[in-house]
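Have a look at the structure below, then the notes.
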Amino acid sequence: MKFEDLLLEIGGFGRFQILILFILCLPRINLPMHFLLHNFLAATPSHHCAIPHQQAFVNLTTEEVLLISIPREPDGTFSSCEMFSQPQFHLLLNSSLQPENNSIIQHCQHGWVYDHSQFTSTISTEWDLVCEQRGLNQATATFFFIGVTMGAVVFGYLSDRFGRKAMLLVSLVCSVVFGMLSAASVSYSMLAITRTLTGVALSGVSLIVLPLGMEWVDIQHRTFSGILTSIFWSIGNMLLAMVAYLVREWHWLLVAVTGPCLLSTVCLWWVPESARWLIAKGKVKQAHRHLLRCARMNGRKDFAVSPEPFPSFRLSQALRRMATDKRPGESYSYISLFRTPVLRKISVCSGAVWFGVAFSYYGMSMNLTGFGLNMYISQFVFGIIEIPAKMIIYVLVNRVGRRQSQAWTLILTGLCIGANVIIPKPFTSLRSVVAIMGKGFSEAAFTTIFLYTSELYPTVLRQNGMGYTSFVARLGGALAPLVFLLDEVWRSLPEVTYCGVAVCCGSVAFLLPETLNVRLPEGIEDIE
């Protein structure tokens, strides 16, 4: 007897599963509020060099003081990173006469003055992460995703060894601790370290929530549960826009997005350990107890009464046979993902697809000001467009299949990014529409890959597989913000890079096996 058959007998999708999915959706809301926080935490408002002895120019307006002190860019705006070594009073007579002698232009010597109309403070204004220090500002997101990358390896292994629920609890508690420490940072170094550790902790939440929910759901409702969990990511996206709009000071913004992890930690009390994992580890009594609870909540009274009647005895016997078949003494590691030929092909190809999905998704998500919309509106619209994208992908993965859906959503993401390279900047409405379409395709690709990957790997290696693919994805996420620095080489090079990677990695998805209406594999032999 397979676990899927057992699950159908006790209720594959009833009140028990709905409760679990609802509770697991709470930490899912919190994830994008941290993963995309960089857009607001490290936002750089308009700025210019601080002008020394500005009080000496009492007879001049602010505009005139800037005119004689700050050189202009080719587009007519004042430079953000340069100033005149001496006031150029002759510009008051003719402001169009910009100095031809570059020797009188120097980098900012006395710090910067920031426009605080949109942000009270960000880490850019706190530690002057602008101009020559701009790379450190972008690196803040990279440090976070490096942490997520490390966490994927750690929690992928530990959750297969010590259980899904235990590691999810550890992850949530650590997220609260390091999130609050980030908010209390008194230096850039402290912020970089605590954000990295927050990334490590949140990686466990990202990695465990979906598989833990899906391991309790039958085949028919597997896609639905995956899409439902994913929709709460989009809700978190929209909530981030609203929270960031209301909280403009970076310390309190970090507190606001970390606090909900406490609620998730408390609610986790009602979530049971994965029965599949317990059986795979030979812990039959615990699995039996959780399955009886499932039967009781789902109204299957034949299994819920005590002491054990025949149906419950049959359940216990079936569990013992499954546990014997799993050979719990056998240990697995990340190396097991590459030992056998089919698993090796799945691991290489899924890793490439995950990299492309994350690289293009975060490339678009962290460029809120590049499409002609207000950044708060962009964040909210990017979140809301994901919901219809998920609804459409729910139909597609069940009709067209996982493989085709995965490949084409990622390829179309790349094509939308590439289209905005060609569309002229003045066509802001068209650029915004194409960007929103691309964001929809990107989210559809992300939704599919989470569902698809959890179906590709067997139970004994599922968290290792999710850990490995999440590791590769977070490498993509870590590199995505740094690619923006390539605009100094060629203004469109970041978009061309995102486009090329998305199209190439989307094509690799055609090499993966289809999993539509296929039982979740339990052991490596089921894959091979």
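Quick reminder: no glycine exception, Cβ is built from N, Cα and C everywhere.
All TrEMBL annotations are machine predictions without curation.
Feature annotation (TrEMBL): of 139-159, 496-516, the stretch labelled transmembrane segment is 139-159. Same-chain residues lying 6+ beyond the ends of the transmembrane segment (252-271) with a Cβ under 8 Å from its Cβ atoms: 19-20, 23-24, 26-27, 29-30, 33-34, 37, 40-41, 165, 168-169, 172-173, 175-176, 179-180, 182-183, 205, 212, 240, 243-244. Summarised as a single figure, the pLDDT of the domain 'Major facilitator superfamily (MFS) profile' (87-516) averages 85. Against the transmembrane segment (224-246), the recorded stretches 139-159, 166-186, 192-212, 376-397 differ in Cβ pairs under 8 Å, and the greatest number is found for 376-397. Distant neighbours of the transmembrane segment (192-212): 20, 24, 27-28, 30-31, 34-35, 139-140, 143-152, 154-156, 159, 164-165, 167-168, 170-172, 174-175, 177-179, 181-182, 185, 226, 229-230, 264, 271, 274, 450-451, 454, 462-463, 466-467, 470, 474; these residues of the same chain sit at least 6 beyond its ends, with a Cβ under 8 Å from one of its Cβ atoms.
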